[in-house]
Amino acid sequence: MILLLEPKKSLVNAGRNDATTILVPNFCTTNSNVLLPPYHDIPKSICSTLDWHGYSISFYQDNDAVVTVVLTGIHENNWISVGVSRDGMMVGSSAVVGWMNNDGKSGTVKQYFLSGRMTSEEGIPDRGDLKFTNVTPTIVLKDKIIYMGFQLQFPQRLNRQPFLFACGFGKPAENNILPKHKYRSSLAVDFTRGAIYLGFVDSTSVKLTHGILAITGWGIIIPFGVPIARHFRQYEPLWYYLHSSVQFVGFFVGLAAVAVGRTLYDLIHADFNYHRVLGFTILALSVLQICQFIVRPSSSSKTQDYWNKIHHWVGRLEMEQEG
């Protein structure tokens, strides 16, 4: 069942990979003096290329929870943006947006609050939850390559954080309302491992499925089988078959919860070690109970009493773990 529910590594990005004759420098592997410090000399340990016109994005976090972001790519009279999301989704996020002004020399960097899916009225300028440092955000155009850098101050150091990338053709109107984006991507940045995962997936439905299966199998069905074994022994052997059937159903529902949990772990690259250890411990105890059922001695066997005690205490330990 776990193998059947193996997650398929498909990204949820939408964009293009057009060929271009412009030589785009890879900011992840080359240094550029176009941007002034602290942007041009940040460590490139957390950096990734995106799928559009050689765009690359780099993140660096210092010990004071200050995150420096640099985005580069081909300029096509467009605006570019990097958003910070709570759950990997666009709605409700805040974004840093930059574009070159009409003179082609100066640029503008603003914060936007994304109240909707980037329609003409749902990107609100000069609003958002992001806090800039005292280092001025910058955007520079050189040799048809656009560079945008900014620093954000967070309340505490980030471990894993969803970010968004988007760009669109055209420039904001006089009211700073953005034209609708043309290309977008989502990514999860793991600062603890120094890795970027493109295509951050909304895992809400998977989390819900995992929780419902775990609660149903290990929190409802298996505990329901306990009073059957305790209070209906006078109905021999009906109580035993009924008890075993209920426990088997609960076991397979719980196993499905583990399989979905493993899928969820691979999707969001979770790091909830205690939760994983607890889940696998309950699964191991459940498997032990199933093995005890298979090797259950006959009622006339001398080992029946030992089997009953082991079965009783393993079941009690499993119930305590589930609680």
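Note that Cβ sites are derived from N, Cα and C of the backbone, with glycine treated the same way.
Listed features, source TrEMBL:
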DOMAIN    53-168  domain 'DOMON'
DOMAIN    172-323  domain 'Cytochrome b561'
TRANSMEM  208-226  transmembrane segment
TRANSMEM  238-265  transmembrane segment
TRANSMEM  277-295  transmembrane segment
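Per-residue pLDDT, averaged along the domain 'DOMON' (53-168), amounts to 88 for this model. Listed as Cβ neighbours of the transmembrane segment (208-226) (distance under 8 Å, sequence separation of 6 or more from its ends, same chain) are residues 243, 246-247, 249-257, 260-261, 264, 279, 282, 286, 315, 318-319, 322.
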